[in-house]
Amino acid sequence: MAAPSASAISKLHPQPSADESTLAKLGYRQEFRREFTPLEVAGLAFSVVQVVPSIASVLFYTIPNGGPVAMWVFAYPFVLCTGLALAELASAAPTSGGLYYWTYSLASPRCRNFLSWIVGYSNTIEMITGVASINWACAIQITAAISIAPSDQTYTTTNQQLYGIYAALGLPQAVIVSLGTKVLARLQRLFTLVNAALCFIIILALPIATPLDYRNSANFALGESTNLAGWPSGFAFILSLMAPFYTIGGYDTSVHMTEEVSNAAMAIPWAIVGSITVSAVLGCGVNISLAFCMGTDVGSLLNSPIGQPMAQILFNLLGQQKALALWCLIIIAEYMMASNLLLVGSRQTFAFARDGAIPFSRYLYRINRYTGTSVNTVWFEIICSLAIGLLLFVSTEAIDAVFTIAITASYIAYITPITNRFVFQNDFKPGPFYLGKLSFPVSVIAVAWMAFLILVFFFPATPQTTAQEMNYTVVVLGGFMFLAISWYYFPVYGGVHWYTGPISNYTPAIRGENRDEDSISEGKEHDADIYVSAVDV
């Protein structure tokens, strides 16, 4: 029998792409289809921010602390430093596990397992509570739309009705996010278009439609500072920064799509930096436009019968029908935002389950044979978010704490790998995106600022507070972290007895052979230090 030709062998065993080779060096085989283009993954990062819906969600908290003064210009350098520090790590080790993988690779062998565990669970909490907080905000905005609607009456919901709306938002999202990678990638074009269109409507069209009675002077819009919460002026200024830091959050969202995008080592870093920059510019424009058009009676916006300051601003300026139409577009955009966060959260959970770190990993680490996506982790995420929504029946303050948990948990997950890079002895090998001598000062600024903001997010809305009005972020976040640490140190069954960091599932010898797409490859533990090599200190 004649030997097969080289072309025949190539067809049977195609050469891996550069992205697949890089992933293999990190210890993982290619399991998702790389259908996202660099522009689409950048659009996903931008769409997760969703500038206008995010600003609408936090305007209730920022008006009492600073009024119409936009703090975006001040906040941008700190946000950018965080993004740059993470972008370098994403370029050096492009894997969907991201933060917990980098943490393990850069830490000392003495503590790498524990730190990787904590970061992985912080990242998981960030994603689940992020979906929960956005869907909660979307549910609140739907009730505001009902208040704007032709009934022209204040609409009051019961907790049961509000949770029903919340659940009705989440379940269809899980169906959408369970679709194939190619469909999800193309949807980003629509999501990006809606996000950009909303920004330009607020920045350009809203000032044109604003009646003279509501137009503010430059002195008021850019120089006036309102302090209605009762905090000292300096601390009120700091609290006003919650708006840009909440809005331009989720810097790691594109990281978790690494294994579904081409040229990941460059596409992901630029998606992080690009989405931060574009969102900051547009967010600043939106805030300035609102400041010039909102009128001077900020107290009436806070006490609006509609229940949402942004909705009241639109109602005052556009009238009932146009305000309702624009508000519905904002709700749709927020729904898209939650869907994208559910998407990236499912990929992070898939990566963590691939390394066997979470309960039910053997069921969560599955690729659906029909869609080629991690359907099980999508539904795991949405079920967890529905469970978190039950905090509504505890108190409004408890469910509101979910907003800041998503931020504080993410900061814990960001700080650790960035710090590990410089604190522990390791042989960090940068990827194509590298800051050179600027890496250290940029990382110091990012870590110091995030550590400071974690403390700020623990403060209540006003200094005169009661047990019912307290900010329960530290309690809820502490509860989550207590469970994660307890699970790690649990006698006999805890992670300390079996979690050894990232696990290789890449076996070159069986490349090209048929396999059951719903099965788990029982790979052996490997040293994740492909780009970085940890040394005991």
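Placed from the backbone N, Cα and C atoms, the Cβ positions cover glycine too.
Listed features, source TrEMBL:
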TRANSMEM  41-63  transmembrane segment
TRANSMEM  69-87  transmembrane segment
TRANSMEM  190-209  transmembrane segment
TRANSMEM  229-249  transmembrane segment
TRANSMEM  270-292  transmembrane segment
TRANSMEM  324-344  transmembrane segment
TRANSMEM  370-392  transmembrane segment
TRANSMEM  398-417  transmembrane segment
TRANSMEM  438-459  transmembrane segment
TRANSMEM  471-490  transmembrane segment
State, in range form, which of 41-63, 324-344, 398-417, 438-459, 471-490 has the highest count of Cβ pairs under 8 Å to the transmembrane segment (190-209).
41-63
Considering only the recorded stretches 41-63, 229-249, 270-292, 370-392, 398-417, state which has the highest number of Cβ pairs under 8 Å to the transmembrane segment (471-490).
398-417
Of the stretches 41-63, 229-249, 370-392, 398-417, which racks up the most C-beta pairs under 8 Å with the transmembrane segment (324-344)?
41-63
Two-stretch contact, the transmembrane segment (229-249) and the transmembrane segment (370-392), at least three Cβ pairs under 8 Å:
no
Do any residues of this chain, six or more beyond the ends of the transmembrane segment (270-292), have a C-beta under 8 angstroms from a C-beta of it, and if so which?
38, 41-42, 44-46, 48-49, 51-52, 55, 59, 68-70, 72-73, 75-76, 79-80, 83-84, 86-87, 90, 196, 199, 202-203, 206-207, 210, 215-216, 218, 220-222, 243-244, 247-248, 251-252, 254-255, 310, 313, 433
Beyond the flanks of the transmembrane segment (370-392) by 6 or more, those residues with Cβ under 8 Å of it:
32-33, 127-129, 131-132, 135-136, 159, 162-163, 166-167, 170-171, 173-174, 177-181, 184, 342-343, 345-347, 349-350, 353, 360, 363-364, 398-399, 401-402, 476, 517
